[in-house]
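This report refers to the structure that appears directly beneath it.
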Ligand SMILES: N[C@@H](CC(=O)c1ccccc1NC=O)C(=O)O
Ligand SMILES: [Zn+2]
Ligand SMILES: [Zn+2]
């Protein structure tokens, strides 16, 4: 079993301008309360997280409308390092693919700062995955589109092809191959996405 989740730490690098993860103390035993509690604050797109289609499509499914079966089941890890934009040719010779494909683009296990230059996925790759029956694409990069994209071409290709998105994985040192993916997003009603705990086994 391998945990491929980025640990959320206070100040975890975030999409520029977005809300960082933090815990704001509410009740404190040290202050005379019976228990400790916190307010959990974070963007829905911090660290390892899923996108619900509503993130990039007003008419798309919100998180509670996406079946858990999307996120759990057979998957393949493919290596796709060294690209600005990952081309469809990374699937050459990959054979039959399961419904979930995770791409290692070379991101390190820990982000000290937000990686502003990362590998995006090409719309052609998204379409080629969908043609092979893939329903979920995952990446170790913070997004499937480049940081400065205004048109979100890969997200739009996912919308058109019905491919769900998992972002911000830690795939450093994971051997390419076949696994079972267990990705459990927080059950946030109405969410456009959510942090997820993700393991491979
Ligand atoms: N596409 C990125 C997030 C993203 O685009 C974003 C996240 C927070 C605030 C603004 C964002 N994009 C704005 O154009 C993602 O899915 O994680
Ligand atoms: Zn996201
Ligand atoms: Zn996204």
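Here the Cβ of each residue, glycine as well, is placed from N, Cα and C on the backbone.
Positions annotated as region 'Disordered' by TrEMBL: 1-21. When Cβ-Cβ distances below 8 Å are used as the criterion, the region 'Disordered' (1-21) is approached by residues 41-43, 45-48, 102, 110-116, 142-143, 147, 168-171, 174, 195-201 of the same chain, each at least six residues removed from its ends.
Taken from TrEMBL, the feature substrate binding site applies to 15. The number of other CB atoms found within 10 A of the CB of residue 15 (substrate binding site), across every protein chain shown, is 15.
Summarising the annotation, TrEMBL assigns Zn(2+) 1 binding site to 45, 49, 51, 167. Every protein chain considered, the tally of other Cβ atoms within 10 Å of the Cβ of residue 167 (Zn(2+) 1 binding site) stands at 20.
Among the features that TrEMBL reports, Zn(2+) 2 binding site is placed at 51, 155, 167. The DSSP secondary structure for residue 167 (Zn(2+) 1 binding site) is strand.
When other Cβ atoms within 10 Å of the Cβ of residue 55 (active site, proton donor/acceptor) are tallied across all protein chains shown, the result is 20. Classification of residue 55 (active site, proton donor/acceptor) by DSSP places it within a helix. Positions annotated as active site, proton donor/acceptor by TrEMBL: 55.
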Contacting binding-site residues for ligand 3, chosen from 15, 45, 51, 167 when the Cβ sits under 6 angstroms of any of its atoms: 51, 167
Filtered binding-site residues, from 15, 49, 51, whose Cβ is under 6 Å from an atom of ligand 1: 15, 51
C-beta crowding around residue 155 (Zn(2+) 2 binding site), within 10 angstroms: 24
Nonlocal neighbours by CB distance (under 8 Å) for residue 45 (Zn(2+) 1 binding site), same chain, sequence gap 6 or more: 15, 18, 51, 55, 142, 167, 168, 193
Candidate with the highest Cβ count within 10 Å, taken from the binding-site residues 49, 51: 49
